[in-house]
Every structure is written in structure tokens, then in C-alpha cells.
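S.K.: Submitted below is the structure of interest, expressed as C-alpha cells.
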């Protein structure tokens, strides 16, 4: 089993960096420096040790993220702020930008370029540190969710059969990644970075006193199942990443788990539902983990190690949410239901530091994921392949010649010699935590704080079936830009204001690329929303909409090329902050004071901040000053002190377009107290939207959106020639009336469309696929057996003994 966190952290000392922006006293500033070169750059050693398969074959050919020109970035920064500022504010920002361009900006740009030399990405570590320094609970603040469509085979739409099917498909995906047989992602023929798939399984976000770290057991073989807040585990893979359980075995194990959990009254089980602790403030959770692991090889330490090192967590909920909004809330944060003073909602049946597959009693399923190392595009591929594989395996049970999603199939476990499985245990074991008094007290307080957090947020959904991508493209609009304008128009219609809107653009065409921020408000979009809600002719409204969407599409393409302004400016801000940290460390050294190695000197036994804790990135990709940050002695550049910097990093409407037909909904919590969090999926003939806010008339906002969609369709029909139905197939294009004998009267469909139907939108694959904007995970796939055997700083996959009470299968 893994050793205690304190002991494992003592194995290695972080190396001293020779980078321009570092000094011996600031080596702790980057969490990544505490890992070896092969851990920081896993793919560099990954390809060198053995022949790579198809999954990572294109990695070495991917270009690195470019550092934009400073002058270009500042101009874009001024442009995106212009519609959000008053004339006086614009003048102040323009002056600050000019001062930055002629002064500090040039020096910081030079430092950034020097820092980036030899690195995979100039932004990666800064962005990664910013997310791991987030102190608040990750639930509702950082973790997003996907809600899968129901299984098309009715017999599978119950909890155990659906869960068993999804888990087997997930294990097939794990196998494909480990054997490098997973076909790489591409965008219109261009290969995308696949690094994130190596960090998807066996990882855990581990809080420490000095910020979080990401731990991974790259050879994990077991899963953890949660049912009514109780923990169970069993092995599912052998050392070769082949499955050792069939779908029937899986269903049997899960039924045993459900039956065992039923034996404990839910009010009693709630008293030991330690998953609630993962919803705590990260510093508090770090201290509680120390309580769990303070005795080496203790039962609690072993149990925690089992959970941390699992491939993923399966949550079996006992509830059956009825509405789409209730399902979304259940997948994002669980339900809060207090009975006789005891929390019995599904919020106690979670572990938010890992990826979770959640299955309700009626078979409704979703995914909640810890996103630090993976963005929405990566988990979307996982969710889509999960859903597809469940269908194909069902088809294969009918027709053995049905296709398979995988390059090769795992040997049938039922036909293998059990001795070939190795040292595994496929029988479920229940983890029985020792509920120390401080844990019981902490669990009670964590649950009440979580219940508060859940009650402070609300969720509403819109499943608009009036039209979708087909209609939007047929009228000459980019679907993503079309929907983005809908959000701005609906908000302006309610509040009469233009506010900051965020959307991520995927940059995985670059090595270790994540996202760039699309600031969706432009002078054209501001003109459109005012025109739309004014007394203006339909042609004028449609024309301003067309200009706004064209501007949005052009901006999206620039951001997809990593030529936006947000990431570059944030990197420059971090370089400046590093210089301030160095100055503080040197001052501490010269004064003979104790230094924490991060920023300002502190007295002994005082609280130590996280690396680079002067700022952290919020879930929408913006930057906020940390409450822990000390005021620097060096004057902040006017650009970062200007009100425009605060405005661009305060998102009111945080949006993300991430989905396909395998998903019913996708969403996340609001990024600000007075804002909305909007996840949306544009399908061929419908649009699915999940909106969240802290009780800011979310239902009314959704209703306004629906009214807008209907009204803009009416305006488009008024201004366009009627030609064919939005749902007409391309086959109708080959009908030539002059060549067809007239028999009867032709029936005209409900049309109103122009003839310039496009098969693809201009921005397909560019905007919105990523969700969160964090840097890369610190630990990586180990490149050699020697590295696997060598103790590592955050190793969580050490040999384990049989932990927990073994469940009986005989009666089944």
C-alpha cells in the first residue's frame, strides 16, 4: 500500500531550476519541479523506450504553442474590452497598454521567451499551478459533468445492467489507451495532442498544505464502487491491461455491492460516508488526509490508498431523478435530502478528487470529472466511445460479425486460466474505515457546508427541439456563433446590459495544447443585441446578427490557432509575479528571516501558501487574485492594475459547447456569484442547454432563450426565400421537376431557407470543446520498469494487501 503522504513526499527534494525566472529560494514556486524530467515530460521518454503505437504516434510532429507578439496581444486585449467599457475606462486601458508596450512588457516578453526555451508549452506550468492552488471546494466550482443519453436497449435501463455495461466499455477504453491502440483524435485531418488520455485513469487530486498535487498509479487494476456512501473495490484488469471480468461477472459484483449496502440503514451509513470530505476546502481536506494517514500501514491509510489509486470511481445512486434539471443537479453535485437531521442525499455518495461514473437506480448515467489534467474534449471522446461500445457489444450479441470499436479485443476472461490473471481479487471487498472522533466531527461539518453549497445553486435545462445545426447552417450561420449570440441577446433582454462572456477554444493541434479564451462580446455583438431588442425592421436585425456571428467565427479561428490574448497576458503576469517572489525571497535571506520558499518571508509555524498562490484560475479560465497573496514591494505594471484587467477576468456568462448525440446534457456551476454557467450541445435538429446560477432567475433566463430561438427563426423566415424544409435530406436536391412526371399535387414543406446549405460549419471542432483551462498534470506515465520500481514522490500504486471485508458470492 502507499505510504503516508508526509513520508512519500520526503523521498525526493525538488531540483534547483536554472531558468531565468527562478532562483534557489524560489524552486518551490513550480509544483512541477518536484518531479523528475521523465515525469515532467512523459512522452519524451515514452517514445524513446519502446515503439509507440498509433495513439501517441503523432506527438513528436505536433507544433509547440506559439508565443504571440506583444503588440498584437495588447491590441486584441483592447478590442475585446472596448464594448464592455465606458469611454473613460477605454482611455485608461489604452494608456496602460501603451505604457506596458514601451516599458515592462518588453522585459517580461523577453523573460517569457527565455523561460519557454526547451519547454513543451510556455503556459502549461503557470496554468497548471493556478488550478492546483484553488483552495475552495472543487464540487460546483471546478468539476463539470456529462449526462449520457439513455441506453437504447430498454433491458439495460436499470442500474446494475447499465452500470456493468458502462464499466466494461470503460475498461475496454483503458485497455486501448494502455496498449496504444486508441485511434488518435483529428480535426479535419490534422492530428491532435493525445497526451491527456494518458492522465485520464488512475489519477487523483491530492490536497497538501502547500496546494494540491496530482498523483497517478499508471498501472492501476481495480475500481472503487460507492453505494449509499459505502466504499467497495475489486480488480478488473491484469498486468497486461486485459479484462479479467466479463459483463456478467461485473453485473454479479455490482448486485452483491448493492445488496450489501442495503443491509446498513442509510441514516447509519451516512455517518461514515467519508466521500463528503472530498468536498471540503482543500486545506481542511489536506489536514483530514493527514489524520487518515498519520499511522503508516494503518487501515485508514490502506483504504485511502485504495481509493486514490483506483482507475475511476463508480457511484451507484439509490435515487431516480425525474426531470432533466434534477438529473443535471445529481450529476454535478448530488442531491441534498435531510431526514431526521441526517443527510441521506446522493451528495454523500461521491469522491470528487477522481473521475466518477454515476448511475441512478433507473439506469440514467453520467460522468463527473476532476479536470485539472483533462479538458472536455478528452472526456467527451471517452463518454462517446463508452456509449458507442455499449451499443456495438449489444449488436455483437445478436450478430457475431458486428463491428468493434477497438483495435483488438481482450481475451475472453471466462475462457482463461484464472492463474493467468496474476495476483488479483475479483471479489468485491468493503472498505471499513476507522471512524476516529475527529473524522466524525469533520464529516458532520463538511456535510452541512456541502448542503449549503448545493442550496445556493440552481439548475435549469432547455431541450429545444424547434431546430438545430441543420437549420443554422442552411441559413448561412456558424452554429456555435449562432447560439453564442442567443446567450447575449437573452441576457440583454432581461437586464439591458452587455456583460463579459467566456467560451473556450480548443488548442490541441499543438503539443500539450489545452484551450484559449474566446471573449465572445464584440462591438458587432453589442450592436446586434441592441438592434434585436429595438424597434427595427427584420432585415436590419438579421444583418446585424450575420455580422456578429461572422466576427465571432473569425475570433474563434484565431483563438484555435493559440493567437488569443488571455493566455499570453496571463503568462506575462505570472512571469512578473515570479520576479516579485524572487525579490521577496532575497529580502528574506538578507534579513536572516525564515522563508517559506514561495513568496514573502514568514515566521516559523505560520501558515504557508501554495506555489504561486498570488493568483488562481477560476473554472472559466479567468484569473483572480488569491486572498492569501501578500502585497508585493515591486509596483505592479499599470496594465494589471487597470480596471480592464479585473473586468476581463470576471466572467458573467461562462459558456462551453461540448457534446454530441451520445450526451443528453453537459454543464458546470456558475463562475461568479452574479453570473451564469452554461453548457450546451448543438445537435442536428435540437439544442440542449444546462444553465446554472446562484438563484439568479435561471428559469426565466432559459425561457427567454427559448423565446429568442423562436423569434429569430421567424425573422429569418421573413427575410429568406422559402425553398425546402430544414429536415430535408440531400436526396431531394437531385429531384429535377422537369424530369419527374407530375402525378398529384406537390406538397410544400415548412420551409423558409436559402439554398446555400453547408455540410459543415466554419468553426466545427474549434470553439468550445475544452472546458477548463488548466496546465498539464505533473506526474506522468512511467517510461521504464526501473522507474516503476523506484519510489516516487506521489506513487499511489504500491503493492497492497487484501484490504476490507470480502463479500460472499456463494448465494448468487
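The backbone N, Cα and C atoms fix where each Cβ goes, glycine too.
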S.K.: Select from 587-634, 635-682 the stretch of residues annotated by TrEMBL as region 'Disordered'.
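M.R.: TrEMBL lists region 'Disordered' for residues 587-634.
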S.K.: Let me know the model's mean pLDDT on the domain 'Choline/carnitine acyltransferase' (65-706).
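M.R.: Overall, the domain 'Choline/carnitine acyltransferase' (65-706) comes to a mean pLDDT of 92.
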S.K.: When a 10 Å sphere is centred on the Cβ of residue 371 (active site, proton acceptor), how many other Cβ atoms does it contain?
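M.R.: So the Cβ neighbour count for residue 371 (active site, proton acceptor) comes to 24.
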S.K.: Within the region 'Disordered' (404-424), count helix residues (DSSP H, G, I), strand residues (E, B) and coil residues, in that order.
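M.R.: For the region 'Disordered' (404-424), the helix, strand and coil counts are 7 helix, 0 strand, 14 coil.
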